[in-house]
Amino acid sequence: MGEFLELDGSYGEGGGQIVRTALFLSTLLQVPVRIYNIRAKREKPGLKRQHLNIVKLLKRFAKAKVKGDELGSIELEYKPQKLKPGYYEVNFDTAGSIPLFLQTILPLSLFVPGEVVIKVIGGTDVPKSPTIDWVRFVFLHYIYKVPEFIRLEVLKRGFYPAGGGIVQLSVRNKLEKQPENLQEVKEYLKDKVNLYRTERGEIRKIHVFSVAHEELRERKVAERQAKGAIEALKNLGYPEPEVYRQYANANSIGTSITIWLEDTKGNVLGADNLGKKGKLAEVVGAEAVKKLHEDWSSGATVDRHLADHLIPLMALVGGEIRVPQFTGHLLTNIWVCEQFLGKIFEVDEKEKIVRTQGIS
């Protein structure tokens, strides 16, 4: 293999997902990685600020030695050391996506010996990304049993274009040292993460979380987004949801809505949407319901965002999920994991199932 595991960043859909997953696995497994042709198929190839923000933290969090960490760079060499507990702060200086940043950093925080607090300043609810509430109420559901303590707090909302949102992740683990090998990783996660999820139950609860900038309070935008979602859910035959409405001060005016359902088998699926100028608040809510309904009515046990988030964890601990659809994103994510761990995934496109025993 040489000093670095070589990854072609143009493989498959060739996007930033390759970078995010590779940095997670490289850091956890202590495998240096060289990614070339980064985002080569995109209109603006190379590393984006959101990827550099992850690297910026990992240079401290994992004492990583890095080459090529520049805006637009099509090659990155990354050599991590062990994760260090402590307090870290990262300021994006843009409305870059905090949820996509956390796709790498949040799972890594589960393997830090002791306590880690990470404060991030950027975008909490921005385009081409899940909302921060989706991370809090959907993704966290699958991993919260791993640490002794975990809290993900939204201290301030950050909408596009100004950003300035503040999120703080606090984690305390019962670990004296970072797992040394694949078997220790699997053993640590074994009884805390259950990703064998092909069975569905009845819908137990539905939640609607509607957020709008404080300046939109008079126009009752948070209420109207929620109303659009409630009516759409009712028209599709879903149970009445629990509704949360919030007005927030932020550097830019914006809105978001996140909807998630829980079933009796312990599955949680979510969807979200952002408001924009000229779009009725009621439509924003209804569109979020449409996304959730598309995923749930497909027979899936995970939503479209969740599949990407769970694949790297499945590679470590094993799992079986039913996805809404096979996307280039999903298949590329599987490919990245298999570059580190060998051929471990099985894909059943007819049944829309992804399964793996994980590392052996």
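Note that the numbers count up from 1, one per residue, in the order the chain is shown.
A Cβ is built for glycine as well, from the same backbone N, Cα and C atoms used for every other residue.
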Identity of the ATP-site residue among Gln103, Gln168, Gln178, Gln183 (reference: His305, Leu306, Ala307, Asp308, His309, source: Swiss-Prot): Gln103
Spatial separation of Leu306 (ATP binding site) from His329 (active site, tele-AMP-histidine intermediate) - C-alpha basis, Å: 12
Sorted by sequence, non-Gln103, His305, Leu306, Ala307, Asp308, His309 residues with Cβ within 8 Å of centre, ATP: Pro130, Phe139, Val302, Asp303, Arg304, Leu310, Ile311
Surrounding CB atoms that lie within 10 Å of the CB of Leu306 (ATP binding site), all protein chains: 26
